[in-house]
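Colleague: Here it is: the structure, laid out below.
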Amino acid sequence: MTITLQQLIALSPLLIVGLTVVVVMLCIAWRRNHFVNATMTVIGLNIALLSLYFVGQVGPTDVTPLLRVDGFSMFYTGLVLLASLATSTFAYPWLQGYPDNRDEFYLLVLIAALGGILLSSANHLASLFIGIELLSLPLFGLVGYAFRLKRSLEASIKYMLLSAAASSFLLFGMALIYAESGDMSFASLGKSLSDHQIHEPLLLAGLGMMIVGLGFKLSLVPFQLWTPDVYQGAPAPVSTFLATAGKIAVFGAVMRLFLYAPVADSESVRIVLSIIAFASIMFGNVMAVSQTNIKRLLGYSSIAHLGYLLVALIAVQSHQLALETVGVYLVGYLFSSLGAFGVVSLMSSPYRGPDADSLFSYRGLFWHKPILSAVMTVMMLSLAGIPMTLGFFGKFYVLAVGVNAELWWLTGAVVLGSAIGLYYYLRVMVSLFLNAPQVLQRDTPNNWALTAGGVVVLISSIVVLFFGLYPQPLISLVQLVQPMM
């Protein structure tokens, strides 16, 4: 098997991030310097983002049976790289006050990004599994990075044990599917499924187990119990990564699997997925209503958002629109989450023990940091799906797909869930404009808008507003990124 230059260029984002991992590792071994390592990380991720332009020039290619690089994988790779960049940027000021080793943080983020890029191009069950593991393993370390805090350590252990259990389900499911169909690439799975083998008990059992494993990674009900605890325990920059890159990469891979292998055509699988979507939307929104901790609230809301996305996934076989929906929704979700978690990270930096994550810390933020609270307001509006923000178009598309595919139950659930969601997002927004407490527990420095993290947060809010008012460029982009069939 010789690899041509074309294939090397197609793999360039993966190779560049891998090279950055090695460089950062050598830098840490040679001399610890927080600034140097952070800069190396950001430069590496930026070069990887720029290399996507050259990947686009090459056109769709298959690199070994495991990876397929096309517009679809480039889109998801770009989203993962943006999320990793934002995470590194938020982490720098947070780590400034951190008493232990700081540099390994960037190393772990880079390795997780590597897993995300691999998942975006996965075309085979083996690369799907390797990608998920590469993404999950560094996250155990990242979630427990503030290990002197009991909560962070607890979150890390919870996540590790549950993740291991979920991975074993996933692997066993893959083994059963392989036993039945004799091949592990997505396309040949599609062939064996289209020959009406889907009623074979082994295939159904394998699919069921894979749904358990993937449902855990996407924190869908009933595999969601870790989500709020881990989001709350993890440092704010890590919660950013978990909520964005961790979900988007896995969803991209699952999306491709469903496109090539018409899994949702089977009545039983579709019913199971519909129940999961319905439960996720309802549970996520209802549980978020009573939260007083902003990271837990965003954790529950991410369960609901993945429920909305699952509606589009169920309809993916029958409708071209579903691909577009997922693209638009994920971009909106990415920037809204980056902004919301970014504000939490800015408030929590530098490290001073627990994060500023109680809603009380944000009370009256408007009176001394008006722009920061405006950013937070925009993010909450976008997550709630209010018109003139990007989140609205995502919701609108999901409803359109649901109606087109005649998923009436789920469309009703999306509407109801959005209504409940409005209540708790408004709660966060209202608390920003109440009277400020006399003694400020946590606050950002006055020049926050000039720091790198502040710039990321401001750019996110501008993107959300710009595409909310004028979504055409984004829609055209998403229509271009169709997977190679």
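Any Cβ shown, glycine's included, is placed from N, Cα and C.
According to Swiss-Prot, the record shows the following:
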type	residues	note
TRANSMEM	8-28	transmembrane segment
TRANSMEM	35-55	transmembrane segment
TRANSMEM	105-125	transmembrane segment
TRANSMEM	127-147	transmembrane segment
TRANSMEM	159-179	transmembrane segment
TRANSMEM	203-223	transmembrane segment
TRANSMEM	235-255	transmembrane segment
TRANSMEM	297-317	transmembrane segment
TRANSMEM	326-346	transmembrane segment
TRANSMEM	374-394	transmembrane segment
TRANSMEM	407-426	transmembrane segment
TRANSMEM	449-469	transmembrane segment
Colleague: Between 203-223, 297-317, 407-426, who has the most Cβ pairs under 8 Å to the transmembrane segment (235-255)?
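Modeller: The stretch with the most contacts is 297-317.
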Colleague: For the transmembrane segment (127-147) and the transmembrane segment (159-179), decide whether they are in contact, meaning at least 3 CB pairs lie under 8 A, counting pairs 6 or more apart in sequence.
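Modeller: Answer yes: the transmembrane segment (127-147) meets the transmembrane segment (159-179) with 3 or more Cβ pairs below 8 Å.
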Colleague: State the non-local partners of the transmembrane segment (8-28) in its own chain: residues 6+ outside its ends, Cβ under 8 Å from one of its Cβ atoms.
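Modeller: Answer is 36-37, 40-41, 43-45, 47-49, 51-52, 54-55, 57-58, 61, 63, 67, 69, 77, 81, 103-104, 106-107, 110-111, 113-114, 117-118, 121.
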Colleague: Within the same chain, where does the transmembrane segment (203-223) have neighbours whose Cβ lies under 8 angstroms from its own Cβ atoms, ignoring anything closer than 6 residues to its ends? I mean 6 or more beyond.
Modeller: 132, 136, 162-163, 165-181, 193, 197, 246-247, 250-251, 254, 263, 266, 268-269, 272-273, 276-277, 279-280, 283-284, 299, 302-303, 306-307, 310
Colleague: Six or more residues beyond either end and a Cβ under 8 Å away: which residues meet both conditions relative to the transmembrane segment (105-125)?
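Modeller: Sequence-remote neighbours of the transmembrane segment (105-125) are 13-14, 17-18, 20-21, 24-25, 28, 37-38, 40-41, 44-45, 48, 62-63, 65-69, 72-77, 80-81, 83-84, 87-88, 91, 95, 131-139, 141-142, 145, 174, 177-178, 184-187, 189, 241, 245-246, 248-250, 252-253, 256, 260.
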Colleague: Using a cut-off of under 8 Å between C-beta atoms, tell me which stretch among 159-179, 297-317, 374-394, 407-426, 449-469 contacts the transmembrane segment (326-346) the most.
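Modeller: Going through each listed stretch, the top one turns out to be 374-394.
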Colleague: Counting only CB pairs under 8 A, let me know which of 159-179, 297-317, 407-426 has the most with the transmembrane segment (374-394).
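Modeller: Of the candidates 159-179, 297-317, 407-426, 407-426 scores highest.
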Colleague: Looking only at residues six or more beyond either end of the transmembrane segment (407-426), which have a C-beta under 8 A from one in the stretch?
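Modeller: For the transmembrane segment (407-426), the sequence-distant neighbours (Cβ-Cβ under 8 Å, at least 6 residues beyond its ends) are 274, 277-278, 281-282, 284-286, 288-289, 291, 297, 301, 304, 307-308, 311, 314-315, 380-381, 383-386, 395, 398-399.
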Colleague: Short question: which residues 6 or more past the ends of the transmembrane segment (297-317) have a Cβ under 8 Å from it?
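Modeller: For the transmembrane segment (297-317), the sequence-distant neighbours (Cβ-Cβ under 8 Å, at least 6 residues beyond its ends) are 218-221, 224, 227-228, 230-232, 239, 243, 247, 251, 254-255, 258-259, 262, 264-265, 270, 273-274, 276-285, 287-288, 291, 323, 325-326, 329-330, 333, 337, 340-341, 359, 383, 394-395, 397-398, 401-402, 404-405, 407, 410-411, 413-414, 417, 421, 424-425, 428.
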